[in-house]
Structure formats: structure tokens, C-alpha cells
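Visitor: Quick one: the structure is below, questions incoming.
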Amino acid sequence: MGFLGSGEASVTYVLEAGITVTLLPGLHACPPPGPNTSHWPEFNWTAPQEFVILGFSGWPQGLRVLLFALLLPLYLATLAGNLLILVLALVEPALRTPMYFFLGALSAVEVAYTLVLTPRMLAGFLLPPGGQAVAPSTCAAQMGLFVALGGSECLLLAAMALDRYLAICRPLYYPQLMTTGLCWGLLASCCFGGLVLAVGLTTAIFRLPFCRGGLVNHVFCDLPAVLVLACGNRDLQERVLLAACLLLLVLPLVLILLSYTRVLVVILGVGGAAGRRKAFNTVASHLTVAVLHYGCATAMYARPLSSRSLEEDKLVSLIYINLTPLLYPAIYTLRNRDMQGALQRAVSQRTPGMTHQAEIT
């Protein structure tokens, strides 16, 4: 679009197709668009009555049904695995420690995260082509919950790294430092931090006018997918998004890596072989989850809008919505003997035959 001229009487624009638009007196258009500014004149800026989440509605129906059949079992397994960890952390006396307190909280966040995103995505595979229409308030709520839960998870992983650092590197002071009050305080701080970030980012995006309709080319109301629909200068919103990524992704990941590096140095230098193996397995589980979470999130959000492909983002979302949350309970339970023992005791209490067999062995 080219800006031709302006005056008291009118303002004239030439669109890319050669169409000339002249604004009447009293209507004001935006200045010549920059790289992050909408090409639409202001008289087309509207607040959409609804957003339409396109998802994969353009794909063949047979392929969408196949994806539904593949992803539904993953969704159910994710819920079952995380709920199992949460219940064991609550009811098993041997797991009432700060480490499993944070692990149970992380599982609760994962359950909520999965419930916010996955059911609507799965429903989209079975709906007729055209996408799912949602009210702007629903879209904003989904975005806000996604950011709040994702931000809380980032901070929780950092809190778990702090817990392991104190337990292994400062064992004599650990009981006095990592008290029940501190655990609840850290959990509340993580949740509050995620909430503040969610309110700030969601408000900043939905305060913008929209001139490209409400077609969200994603499986949910993700921040970049909605932000590209906005009009006007989006520089501030994009900078806020990148700053939030730096604050919640890069900085905690650096702290986590430094903490676990120190932990590994201590593990290799002291203790017996059995103690080193148990501590190493615990740290390896936590570090694997942290790398998966921060790696996916950084690859998705620490990029400017100009370098994005929404189609690629939509495909990658299938991994971090469906596969990554499923790996968390698998990693924590398969590599954690305390969790395995708690699970065996819980199962044996419901099956007397297994209890008798366990006593014999």
C-alpha cells in the first residue's frame, strides 16, 4: 500500500492491487506502514464478533479422523499419568517431601494445561470444515490460561532445581531451609508470576484493533496466531512477548543448568555408588523434563513474527500439546524408584494376593 497524500479534506491510499481509497473528512488513517504495522486503513479496523479457530479443518476428513484416533489415547494417558503422580504425592507418606511436593504441583499444572488445550483441539478434528467459532472472551480466556499455566510450569521447574541444589549441595542445612512454609511460598510465587504474565500479555494483545477478521490459523488461541490478526503498530506487543520469553524461558533455563551442573559435580565427588546412582537418576529426570519444556517453548515463542510460519507452528503444537506432557509422567515414574515403590504399594493394597507375594519376596 502506498501513501499518496493527506490534507484537511481527504487522505488517499493506493492498495497493492491498484485500488485507490479516499477517506472522507473526519476519518483519519494511519501513517505509512512499517515492518510491523498493518497495511489496512483504520476505517477497516474492527473488533471481531467471534474468532474462528481453523485448526486442521482444511485437511481431508479421513486424515483428521485418523489424528483424532491417534491423539485421544495420548490425551487419556497424559491425564492418567499426571493424576497418578498427583494422587501418590498426596496420599503416600514416603513421598511427603519437598521434591514430591513440587512434582505433585507440576502434575496438577500439567493436568490443567492439558484440559485447557486438548479437548477443543480433539473436537476440531471431528467438526465439519470451517473451524470452531468462539467468542472473543473465550479466546482471551484460553490464551490467558495457557500463558498462566505455561509460565507457572517454567517457574516450578526452576523451584525444583533449587530444591535439588539445596538437598544435594547443602544437605546439612536442607531441612532448615526447605521448610513446608517455603515450599508453599515458592508454589504461590510461581502461580502468581504466571498469572501476572498471563494478564499482562493477554490484555496487551486484545487491546489492539483487528483488521484481518478473526480466523486464527492454529489449534487454539495462541499468542502469535492472534497477534498477527491485529492492526496498527504491533512493535510494543511483540517486544513484550519476546521480553516475557527471555524472563520465563532463557533466564530460568540458565539457572537450572547452572544448578544441576553444580549438583552433578557434587554427586561425582562424594557418596557411595548406590547413592550417586539414585541422585543421578533424579537429576537426570528433572533435567530431561526441563530441556524438553524450555526447548519446545523457546523454539516456539522466542522468535519475531516476521520469521514465523503459522502452518509450521500449528504442526509443532501437536508435539508440545500431546507428546511432551505425556513424557513427563513417564520420565518421572520410570526413572524414580521412590515413585515406583509407592505405586507398587498402592496397587498391592488393593490386591491382597500381591501383598502376600511381596511379603514373601
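For all residues, glycine too, the Cβ spot is worked out from N, Cα and C.
Keep in mind that what you see is a predicted model, and the values were worked out from it rather than measured.
The transmembrane segment feature in TrEMBL is assigned to 65-88, 100-123, 143-162, 182-206, 240-271, 283-303, 315-334. Taken from TrEMBL, the feature domain 'G-protein coupled receptors family 1 profile' covers 81-332.
If you look at the structure here, what lies around each of the features I listed?
Guide: Away from its own ends, the transmembrane segment (100-123) comes close to residues 53, 55, 68, 71-72, 75, 78-79, 82-83, 85-86, 88-90, 132, 142, 145-146, 149-150, 152-153, 156-157, 159-160, 163, 183, 186-187, 190, 219-220, 321-322, 325, 328-329, 332, 338-339 of its chain (Cβ-Cβ under 8 Å, at least six residues beyond either end).
Same-chain neighbours of the transmembrane segment (143-162): 99, 102-103, 105-106, 109-110, 112-113, 116-117, 186-187, 189-191, 193-195, 197-199, 201-202, 205, 220-223, 226, 244, 248-249, 252, 255-256, 259-260, 286, 289-290, 293-294, 297, counting only residues six or more beyond its ends whose CB sits under 8 Å from a CB of the stretch.
Sequence-distant contacts of the transmembrane segment (182-206) (same chain, at least 6 residues past either end, Cβ-Cβ under 8 Å): 98, 101-102, 105, 136, 140, 143-156, 159, 162, 223, 226-227, 230, 236-237, 240-241, 244, 247-248.
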Visitor: Is the transmembrane segment (65-88) packed against any residues at least 6 beyond its ends, judged by a Cβ distance under 8 Å, and which are they?
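Guide: Sequence-distant neighbours of the transmembrane segment (65-88): 56, 95, 100, 103-104, 107-108, 110-111, 114-115, 118-119, 121-122, 125-126, 318, 322-323, 325-326, 328-330, 332-333, 339, 342-343, 346.
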Visitor: At a C-beta cut-off of under 8 Å, are there same-chain residues at least 6 beyond the transmembrane segment (315-334) that contact it? List them, or none.
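Guide: Non-local partners: 67, 71, 74-75, 77-78, 81-82, 84-85, 103, 106-107, 110, 113-114, 117-118, 121, 218-220, 222, 285, 288-289, 292-293, 296-297, 299-300, 340, 343.
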